[in-house]
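Only one structure is covered here, and it is reproduced in the block below.
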Amino acid sequence: MSMYGRDPWGGPLEINAADSATDDDRSRTLQDLDRAALSRPLDETQQSWLLGPSEQKKKKKYVDLGCIIVSRKIFVWTVGTLVVSAVLAGLITLIVKTVPRHHHGKPPPDNYTLALHKALMFFNAQRSGKLPKHNNVSWRGNSCLRDGKSDPGTTMKDLVGGYYDAGDAIKFNFPASFAMTMLSWSVIEYSAKYEAAGELNHVKEIIKWGTDYLLKTFNNSADTIDKIAAQVGVGDTSGGSTTPNDHYCWMRPEDIDYPRPVYECHSCSDLAAEMAAALAAASIVFKDNKAYSQKLVHGARTVFQFARDQRGRYSAGGSDPALFYNSSSYWDEFVWGGAWLYYATGNSSYLQLATHPKLAKHAGAFWGGPDYGVLSWDNKLAGAQVLLSRLRLFLSPGYPYEEILRTFHNQTSIVMCSFLPVFTSFNRTKGGLIQLNHGRPQPLQYVVNAAFLAALYSDYLDAADTPGWYCGPNFYSTDVLREFAKTQMDYILGKNPRKMSYVVGFGNHYPKHVHHRGASIPKNKIRYNCKGGWKWRDSKKPNPNTLVGAMVAGPDKHDGFHDVRTNYNYTEPTLAGNAGLVAALVALSGDKSTGIDKNTIFSAVPPMFPTPPPPPAPWKP
């Protein structure tokens with residue numbers, strides 16, 4: 001597919017002939033007029049002045065205006081009309097100025113903007129550590145202030161802060177890093193929309209709370225490291241274990257008194273490369289804060305090097321993370337982390353890595369498979385392909401990257417086709433929800449990520465003056481992608497068979513029994529111990545605290561939903577799910593004419609001077 005850019009000059013190169021007279025021409029014309037004036041016979045006025053008073057003449061029927069002579073009647077009428085018009089215009093202006101005006105206020109915010117305000121609040125409710133004064137969630141307080149210190153086995157003694165993952169109090173760094181990467185990406189592309197919604201400072205604070213914590217999970221001042229803290233707290237209750245932990249107990253995080261072990265890893269390429277992506281993307285968000293941005297870039301380089309040197313999955317060998325966030329491979333994180341580091345540093349070695357055909361092959365770029373094109377906390381490939389297609393659309397780096405970038409661009413087009421209802425790559429429920437995880441539980445986290453990618457890619461094409469893309473022989477306009485994103489988000493916000501909004505606090509009908517410890521236990525100065533909180537878990541009453549903005553796991557494949565606290569497959573929200581929600585909402589919010597920010601992501605990228613391809617082999621007869 002060929003892309004045509006806009007004419008850089010933006011206008012016809014014509015010279016206006018009407019104003020092309022030179023100064024010489026003008027002065028010549030003036031001299032001609034002077035000569036004409038001298039040779040003209042004297043008129044009556046001049047004669048009377050020179051020759052003295054003549055006899056009184058009759059009143060004249062004409063008025064001499066110097067250049068023309070007009071009828072006196074017409075002259076009087078014309079002057080009279082002008083005077084009356086001037087008086088009328090003055091009166092009208094006076095009336096308009098003095099009569100009170102009704103100002104047309106701004107149009108009311110759209111649903112996506114309203115939901116965006118709420119979706120961001122979820123992150124305030126998930127904060128761990130010492131809370132800022134303006135956290136705005138009345139039922140939350142400081143919690144887990146001994147994370148790191150309370151585990152004698154770890155060398156990292158300060159792991160206070162960060163975010164709880166879901167309805168429990170575990171800090172899983174793998175999905176949390178992905179959540180921060182997604183939020184940063186959405187800010188880089190749509191900072192003007194965040195600004196218009198009055199949420200730019202808030203979302204940047206949310207990202208910084210996450211990246212400050214990630215910087216604590218390894219030695220961020222070193223150039224090389226040999227371990228990362230991957231998780232704080234455990235949740236394994238298999239085999240009927242009754243040891244108090246973050247899944248066995250049902251307690252407010254503020255009341256936790258049981259030990260919270262730290263899980264360290266020494267070969268965790270997937271986690272380290274995702275952390276590198278999060279820190280690199282955030283460094284672009286904070287590029288105006290030079291010291292912090294450089295600290296993030298240094299951290300990103302360090303953990304990415306560790307990811308490349310110490311190969312291995314962070315969740316290998318039946319570790320605790322494997323039970324909850326088991327990573328399937330680390331190749332997709334290499335492409336994703338490499339792409340973000342290239343944007344953050346402009347260092348072409350990262351681009352060479354991200355566009356290496358072998359890496360792409362290992363990450364599954366050339367193979368379909370049932371989950372192809374589904375962006376999630378485990379698989380970043382679809383996101384990486386969109387991110388690198390951006391480079392081709394706007395900078396065209398050419399050889400030696402062009403071949404793989406064209407492949408990524410084509411694959412992105414195929415993924416976008418798979419989202420459209422005319423194709424059957426994914427089923428839809430009767431209510432219209434796309435089944436990206438093939439009918440398995442907790443579908444919404446995948447849907448919001450797809451809605452974000454579709455809206456974003458449609459904005460990329462618009463910014464590149466490209467009206468659409470091909471699916472096989474058929475051409476589809478960018479509007480079709482936006483429409484897909486809207487229908488999916490509208491479903492989540494309440495346009496579904498149950499008329500249920502799956503974002504807590506949005507609309508009138510939303511889940512009231514969210515699977516969440518802090519929201520389900522009242523803040524009433526009573527400290528419920530590990531098992532004491534079970535009565536709140538099992539209660540049929542709605543949560544005493546509203547977890548504003550939380551997107552729950554979602555309906556089943558028949559559009560059914562059970563608002564039951566003990567069934568996390570329906571009612572549990574997650575950090576990664578809400579990050580995708582925020583990204584999709586901001587992409588669709590506000591005015592469509594406010595597209596993406598084309599250039600900020602390329603701030604660190606040096607000008608592109610494509611290397612010429614090698615010459616062909618010498619010809620031999």
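Here the Cβ of each residue, glycine as well, is placed from N, Cα and C on the backbone.
Over all protein chains present, the Cβ of His515 (active site) has 26 other Cβ atoms lying within 10 Å. According to TrEMBL, the feature active site maps to His515 (among others).
Residues or ranges marked as active site in TrEMBL: Asp563 (among others). Under a cutoff of 8 A between CB atoms, and with a sequence separation of 6+ in the same chain, the neighbours of Asp563 (active site) are Pro511, Lys512, His513, Tyr570, Thr571.
A C-beta separation below 8 Å, combined with a sequence spacing of at least six in one chain, links Glu572 (active site) to Ala166, Gly167, Gln442, Val514, His515, His516, Val552, Ala553. Annotation source TrEMBL lists active site at Glu572 (among others).
Marked as domain 'Glycoside hydrolase family 9' by TrEMBL: 112-585.
The region 'Disordered' annotation in TrEMBL covers 1-28.
The transmembrane segment feature in TrEMBL is assigned to 74-96.
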Could you give the mean pLDDT over the domain 'Glycoside hydrolase family 9' (112-585), rounded to a whole number? 96
